[in-house]
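Student: The following block contains the structure, expressed as structure tokens.
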Amino acid sequence: MAVVEVNLGKDSYNIHIGAGILSELGQLMRQFAFTAKALVVSDENVGAIYGAVVVETLRQAGFSPRLVCVKPGETAKAYETAMTLYTAAIEEGLDRRSPIVALGGGVVGDLAGFVAATYLRGVPFIQVPTSLLAQVDSSVGGKVAINHPLGKNLIGAFYQPQLVVIDTAVLATLPRRELYAGLAEVIKYGLIADRDFFHYINEKSNAILAMDNNVLTAIISRSCRIKADIVEQDARESALRMVLNFGHTIAHAIEAGTGFAQFNHGEAVAIGMRGAALVSHYMGIAEPEVVENVCGTIRRFHLPLSVAGCSAAKLHSYLLHDKKVIGGKINWILLRSVGEVQVHSDVPEQIVSRVLAEIT
Ligand code: NAD
Ligand code: ZN
């Protein structure tokens, strides 16, 4: 069991991490002055496996929970689904001190968090992330959102949970491809902030892939700590938080350029991290071994290194359309070495073209 404290003044909260702690959720929630009514939001996949355990632990702790399961997948992060959740909250009579619990991956976390942030101008929010990506990334940082038909995450807020409970044992039922996708973000944390952690991930790769709960607890808590350190200094996302975008500039172009179908987010990030490492090398900032280290690690965790079926030119045009590109300038998060990043907005077009040609 590990606890990561996220220090954000009056919005501070703890992340509890351990194998089997799902059944302690109700007990952990008793420390707050919540009213008994609670809305548990999940999706049909996760709700079918873990919904009953969560309802039971809440009941035992004196809550009267209502479980609502949305359709799995990104399309649930929509205004229409949010409306059905507001309806459930109103019907149940949830008041300002009634908690909304997100039980699921990043989709459920973002959606339930958005509803918690807006229902009655904000009710208590509890995150129980069940995908590795949600455990190490989307449940830390307080960004909640739904999509608009014209773009992802366009309607949202900064809204911190009061408690995050991460059960590593639930990863046993997560599809392997989703596990690898989450590992891409774990690798990212090592690369941007912690050389020793990066080596640890590589050393323990077999234990990670065999779902050793102690090692999973270690890598999840370290990842949450790294993200929390950055978020604590930059809660509203100005300059510093940008380093979390390492590998993401190219990743977003890959996701858009391949119609959001061929690669999941973590796979696109893996290719994007290789691209960013190559840019770092061609800029004369990183030694060739850094690129080799990045590629070796990506390969070890069954993640892709290149894009098939999307031309470099197409990727380049999507790259310039990224919402983080301001005035045609791309802010590149580059590696000096493993664990050390630098921001550059002066990467020449030729280097970008060369790298995009190499990864396609
Ligand atoms: P997801 O929520 O769609 O989950 C992936 C799939 O795994 C789903 O089919 C889900 O039902 C299933 N699943 C989840 N946990 C499971 C388990 N333990 N056992 C069996 N099946 C399980 O996708 P995701 O990758 O978790 O999250 C992606 C979303 O997160 C995107 O919408 C993205 O925008 C968002 N996100 C948000 C932030 C943020 O800071 N708020 C950061 C990164 C990503
Ligand atoms: Zn990401």
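Even glycines carry a Cβ here, placed using N, Cα and C.
Automatic prediction, not curation, is the source of TrEMBL annotations.
Pulled from TrEMBL, these are the listed features:
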BINDING   G106, V107, V108, G109, D110, T130, S131, K143, K152  NAD(+) binding site
BINDING   E185, H248, H265  Zn(2+) binding site
DOMAIN    68-179  domain '3-dehydroquinate synthase N-terminal'
DOMAIN    182-325  domain '3-dehydroquinate synthase C-terminal'
Student: Which one, from the binding-site residues K152, H248, H265, has the smallest tally of other C-beta atoms lying within 10 Å of its C-beta?
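Tutor: Lowest Cβ count within 10 Å among the binding-site residues (K152, H248, H265) is K152.
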Student: DSSP helix, strand and coil counts for the domain '3-dehydroquinate synthase C-terminal' (182-325)?
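Tutor: So the domain '3-dehydroquinate synthase C-terminal' (182-325) is made up of 103 helix, 0 strand, 41 coil.
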Student: Record lists G106, V107, V108, G109, D110, T130, S131, K143, K152 as binding NAD(+); longest Cα-Cα distance in Å?
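Tutor: Greatest Cα-Cα span of the listed binding residues: 21 Å.
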Student: Could you name the residues, excluding E185, H248, H265, of the same chain that surround the Zn(2+) site, i.e. Cβ within 8 Å of the Cβ centre of those residues, in sequence order?
Tutor: L133, D137, A184, K188, G247, A251, G266, A268, V269, G272
Student: Mind looking up the mean pLDDT for the domain '3-dehydroquinate synthase C-terminal' (182-325) in the predicted model?
Tutor: 94
Student: Calculate the distance in Å between the alpha carbons (Cα) of S131 (NAD(+) binding site) and E185 (Zn(2+) binding site), and round it to a whole number.
Tutor: 12
Student: Going by DSSP, give the three-state secondary structure for V108 (NAD(+) binding site).
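Tutor: Reduced to three states, the DSSP call for V108 (NAD(+) binding site) is helix.
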Student: Compile a sequence-ordered list of residues in the same chain as V108 (NAD(+) binding site), six or more apart from it, whose Cβ lies below 8 A from its Cβ; state 'none' when nothing qualifies.
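Tutor: Within the chain, V108 (NAD(+) binding site) has Cβ neighbours under 8 Å at V41, S42, D43, V46, V70, A76, A102, A134.
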Student: Per DSSP, what is the residue tally for the domain '3-dehydroquinate synthase N-terminal' (68-179) in helix, strand and coil?
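Tutor: Taking the domain '3-dehydroquinate synthase N-terminal' (68-179) as a whole: 50 helix, 32 strand, 30 coil.
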Student: What is the separation, in Å, between the Cα atoms of H248 (Zn(2+) binding site) and D110 (NAD(+) binding site)?
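Tutor: Counting only the Cα atoms, the answer is 19 Å.
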Student: Hey, how far is D110 (NAD(+) binding site) from H265 (Zn(2+) binding site), Cα to Cα, in Å?
Tutor: 15
Student: Ligand 1: which of the binding-site residues D110, S131, E185, H248 have a Cβ closer than 6 angstroms to it?
Tutor: D110, S131
Student: Pop the Cα-Cα gap between G106 (NAD(+) binding site) and E185 (Zn(2+) binding site) into the table, whole Å please.
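Tutor: Spelling it out, the Cα of E185 (Zn(2+) binding site) and the Cα of G106 (NAD(+) binding site) are 13 Å apart.
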Student: Around G106 (NAD(+) binding site), which residues of its chain at least 6 apart sit with Cβ under 8 Å of its Cβ?
Tutor: P129, S131, L133, A134, D137, S138, S139
Student: Where H265 (Zn(2+) binding site) and K152 (NAD(+) binding site) are concerned, what is their Cα separation in Å, rounded?
Tutor: 13
